[in-house]
Every structure is written in structure tokens, then in C-alpha cells.
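Among the features that TrEMBL reports, domain 'Major facilitator superfamily (MFS) profile' is placed at 1-419. Sequence annotations record features per position, and here TrEMBL assigns transmembrane segment to 21-40, 75-96, 108-128, 148-168, 231-255, 271-291, 298-320, 326-344, 365-388, 394-415.
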Amino acid sequence: MAESGTGLWSKKFSSDQRLTPVLALATLIAAFGSSFQYGYNVAAINSPAELMKAFYNETYYDRIGEYMSEFSLTLLWSVSVSMFPFGGFLGSLMVGPLVNKLGRKGTLLFNNIFSIVPAVLMGCSKVAESFEMIVVARLLVGTCAGWPVLLGVTGIPAALQLLLLPFFPESPRYLLIQRKDEETAKNALRRLRGWDDVDTEIEEIREEDKAEKAAGFVSVRKLFSMRSLRWQVVSIIVLMGGQQLSGVNAIYYYADQIYLSAGVKEQDVQYVTAGTGAVNVLMTVCAVFVVELLGRRFLLLLGFSICFAACCVLTAALALQDAASWVPYISITCVISYVVGHALGPSPIPALLITEIFLQSSRPAAFMVGGSVHWLSNFTVGLIFPFIQVGLGAYSFIIFAVICLLTTIYIFLVVPETKSKTFIEINRIFTKMNKVSEVHPEKMELKDFPPSASRQ
């Protein structure tokens, strides 16, 4: 549920519209209190890793009178890490019903329960001498790191969102379509857009709603059974799976251990990790500006290729890290290169493609499938990577290199470029791939779309 706020007040703008302060602030608050939680809780768990493992062992010793076996400690640690994405999977299943019932803003506010309660649990876990509180808290915070303080900081963005978000308007689409409150919807649009004449946009929302109802709702089950959507569904599963199984969260979850094994001094690890995060943010911002220039397909191919090369060289560097004093620096360079590559394409593009290769009637089911693959793949990596490290050591990243290579090949052979193409043009490409004569029921939906919406 942490990512449910990304579409809070989404609307494609025409060239004469502008980003108003109210809309900008609303977007920032929504992202800081929700999407920010995703990145923070993925990365924050790795910094106190050794302290947490020591806490687990000491707590177990106080209860039982003996220390955990190495396998049990690794398993408990991997469960602590992987509970966050598993909670994310559960949360992704709850988004649809909650948004329809509570609205976008209401869902974001409700979602903060899953940040504040876990923050309290994690912040108090050491005092309570309970590692179970950490596991439960990670599960809950996924549904929306001194060390209990670091983990408990996750409640701060949620608290700020609770304080500030109520002062901003609800989604105009929700107010108009779900609540049937046209006047409040117009007032919300006026505040967000910065001008009084919003009748045209209100009418477009009505037209899109009529088109959606005319097309009907495609369930997840129906999505998998429709031949006209076969390659779209396969592509999203491959891209979302490749995004997570390529090893990105192995990097973020266990960055400190990777740097330590690469020879970075313990007192310097936190600075290297922070620098890696800064690079990720910078490259993600760059991707926003180049995606329309270079295209989705090119950035995916470039990003996965960089990740593949980085994993191969990192494997060699880790295996030969004692061969020379400069080899550990190659490992650090590989990690940063991997982060750059992933931020350019594999990280941001798959979710964008869902909005472009699926139409209104099938898009909600496609997002549910994509989100489920995303979180379950994330969960799998978090759960098994510690055991992969134990079993394969320096060669752990060969597995991720193979996945990056296979995903790159699939993109090259199957995924079309969608840049500057209309919904109709994109669906014609997939119509040929799926070997069907027409796309149903999306064809009815496109017929009823207003011209401005069908071109976006």
C-alpha cells in the first residue's frame, strides 16, 4: 500500500497547464508519507544488521540459555528483511477496495497506521527484549533502522502526512465518480489547477468514466485468459520479476555486508552506503528527463545490460579481492554502476509500461498482477539471499547476472517501443503479436474516449 499514493491527483496535462503550488505540495506530501517509506524501509534494515543479529542472539540466550545456531540466526534475519516486501504484497491486494471506499486521500491517511504502529513496535523492541516485535513491525510497515531509533524513524513521514494531508483536496475523480459530488470535485480541481474554469476537465472525467463502464471490468482471472492480452501480461510479469530478481534489493538490503566483504573499513561503510543512495536518487531524477527523449525500450535494454555487466565484474572482484589493494575499489564501482543502471530503466520503466500497454478496462487487473509479482519477487530475494551468500560466497551475483541477461534478451525480442505512440498504435503492435484480428473489449473503450485522452 505504500505506493498507492502515486496516482493521488494524477492527470495528464496539456501544454497550457502548469504545476501549481497546491498540486506540487500535495504530491510531495503524498510521496513523502507513502512512497518514501518504500525506499527508506528497503535500505534502513542493512545499517544496523550486525547490531540486530547480536540483539537476536542475546535475547534468545536470555530466554533459552544458549545461543542460536548459525542457520537459525540467518533464517531469523532473512525473515526480518523479507517481511517488509511480503507485507507490501498483502497491501497491494488491499489498495483497490480501500481506494474505492475511502478515496485516495483517505486511503493515504489510513495507510499511516501501518507506519506509525510499526515505528512504535520497532522503537520499543530493544527495551521489550522482543525480536518478534521487529518481525511483526516489518510485516506491518510493508503493508503501507543507534539502532531502534533508526528503525523507528519510519513513523516521522507518516506523522507529517497525517498532520498536513487533511488540508489538501481529495482526488477530483473520486469526488465526482464515487461520491457523486460535482461541486466539491470542481472546487478541488480549482485549488489544484489554479484557475476557475474546470468544466472541460470535469466533462473529460465523465467521458472517461463512461468509456470505462462501456468497456467493462477485466478481472485478474479474465486477464490471463484473454488471448488479445497474452504478450502484454507476459511482458509485465517478466519485467516486474526481472526488476526485483535482478538483485537490486540484495544490493540495498545487504549493501553494508557487500562493502565490508569488498574491504571497506567498518567506520566508512555508512558513508559509502549513503553515497550509493544519493547516486540512486540522482539517476532516477535523470531518468525522468530522458525517458521521453531516449524511449522506454532503450532505457530498459541499457539498464539491464549495465546491471548484467556490473554483476559479472562484481563477482570477479569479490572472488579476487585479496589479489591487490585496489580490487575492493572495483567492487564499489560495480555496485554504484549497478545502481546507476537500475535507476535508469529497470526501476522506473516497468510500472510506466503498464499504463501504456493496458487500457482502462484491463489496467487495474494488470497493476494487481504487476504489483504481486513485484512484491513476491522482492520477498523471495530478501528471504533467500543470505543463504545464497553462505552457499556461493563471492559467486552470489552470478545468479542475478543470468536473470539480467535473460530479461535483456526478452526485452530485445518482445517489448516494443511505446514512446510517442497512442493507445491505439501500441495495441495494434500487440494485436499482431497476439495474432488476433481485434482487441476486445478495449476497442469499445477507445471509441468512447475523448480525443485528448485517447492520444495520451
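Quick reminder: no glycine exception, Cβ is built from N, Cα and C everywhere.
The average pLDDT the prediction assigns to the domain 'Major facilitator superfamily (MFS) profile' (1-419) is 78. Counted over residue pairs 6 or more apart, the CB atoms of the transmembrane segment (326-344) and the transmembrane segment (271-291) come under 8 Å in at least three pairs, which marks the two as touching. With a cut-off of 8 Å between Cβ atoms, the residues of this chain six or more beyond the transmembrane segment (271-291) that come close are 43, 46-47, 251, 255-256, 259, 264, 299, 332, 335-336, 339-340, 342-345, 347-349, 352, 419. Sequence-distant contacts of the transmembrane segment (298-320), counting only residues of its own chain at least 6 positions beyond either end whose CB sits under 8 Å from a CB of the stretch, comprise 239, 242, 246-248, 261-262, 287, 290-291, 327-328, 330-331, 334-335, 337-338, 340-347, 349-350, 393-398, 400-401, 404-405, 407-408, 411-412, 415, 417.
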